[in-house]
């Protein structure tokens, strides 16, 4: 089941990359690469940071097939894709929930501090979008209009609270992932965002 | 002989980085770094992704000397460099052919799937240019006007077709590399490019 | 003592990231991440390049605490922070001196060539600022107005000159670090900068 969710997340992330690349008038190759990087970027950075190489997507060719198929799908149906907006947003949100918990578990396997594990989970869920924005020459949306990281961090905190208790690991996994998903859905529905702190200071 | 080609590719890549950095009015240090990153960026990313560390250019100081010498050469002769345009384009193209095949072989050594190997080859050949463009605050040219990746992918496909047959490995290496070079020369000569797929959609 | 200096450098780097992120109207999460990346980016790239994983900041949670505390401090006191400008510049400069020597020693431990070690030292000291600028969608300041790299390179050269002689290693460490600091203070005081080499050439 986790594998299915992972694939759904990969599809949603790929399509979000493809849509932005098309807005930037990239060619077919550029669109494919941006889709790919959006889907695997978070896990790739995580794996490079903890030394888990060759990085994940290189070891299971399924991801590559799913990403290529999703990109072709999004390019062909680019005019109809608006009708799928809600489904894609759900896939994306579910993917973020799963990626967060996967990242946390990779950190635990490497015997890292809980705070570092939560950072790895958040990174897995959100860095694909960051690198998508950098490649498209935008300030990453996650730094301006936060709808990604807070739910991931909250889910991570829940994860580490729960594993203090004698609860089955799979259940902890699910509860933490669902926390990410619900928090994000609520944040988007009620347009909750972190405040910005603007200053005229000119830096150091 | 491969080593000589590698050095010629390094020279051409360095100079292409130096020229863009001078256009961006960078200082001498910035120019040198952009030249360096353009030359070694692709192989560096590949080595980090497959865990082949310390990355390649750290293990053979020759590359560093060649890059510094090429950068100094390009800075001093910046007004005459237009006359070398054709030679540099040829070096660049030959370098791309070689880098593609080198990347594929590194992937094979790490026992990765053929598609992943082709991706590594393409990355080795093209990521230096991508990171050059990001550091210069441009949308990478490879995503907009594709003259790099398609030849690399085609050369990679040829490589894996040929190794099915009882052909000497060196010959496969050369044929695949030459495929990259000829395809790219033809694409540039006849101004062949991948289509863009523009859409007004606002992303997810 | 080295640890104390390291922490002072981390504080100064974090605050320089936080100030730039506030200028870019990022939200609280974005500000924190930019502060974090500015503080640890150089060491992280170095560790990934030489295969020293999990990377440094993941193995000592103190850095994370210091960075969060510094970011909160800078956000709360954003209007008063101008009064601390001189202290912060001193911390930053001392941090650069220390980071340079730390990077060189990591390179020596990996048995790399002296020139590569100096490059690693310079990278440790300056790459955090580069990635801060990329994330904020600016051409990295280090490539335009050089006040970072030259002192680091000079300090590195001094380091390798001194270890030829029978001098205690700690002393070499201190002299090289102080060289970086003094060179940078002098460069800033007397507004010394590397020349730019502008050209109308359109690249390759």
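Yeah, the Cβs are placed from backbone N, Cα and C, and that goes for glycine too.
According to TrEMBL:
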type     : residues  : note
DOMAIN   : C:4-78    : domain 'Glycine transporter'
DOMAIN   : C:90-162  : domain 'Glycine transporter'
TRANSMEM : C:28-45   : transmembrane segment
TRANSMEM : C:57-76   : transmembrane segment
TRANSMEM : C:83-101  : transmembrane segment
TRANSMEM : C:113-135 : transmembrane segment
TRANSMEM : C:147-165 : transmembrane segment
TRANSMEM : C:171-188 : transmembrane segment
Within-chain partners of the transmembrane segment (C:57-76) [C-beta distance under 8 Å, separation at least 6 from its ends]: 7, 10-11, 14-15, 18-19, 22, 28, 31-32, 35-36, 39-40, 43-44
Intrachain neighbours beyond the transmembrane segment (C:28-45), with Cβ under 8 angstroms and 6 or more residues off its ends: 10, 13-18, 20-22, 55-57, 63-64, 67-68, 70-71, 74-75, 99, 102-103, 123-132, 135-136
DSSP-derived helix, strand and coil totals, residue by residue, for the domain 'Glycine transporter' (C:4-78): 61 helix, 1 strand, 13 coil
Three-state composition of the domain 'Glycine transporter' (C:90-162), taking helix and strand from DSSP: 60 helix, 0 strand, 13 coil
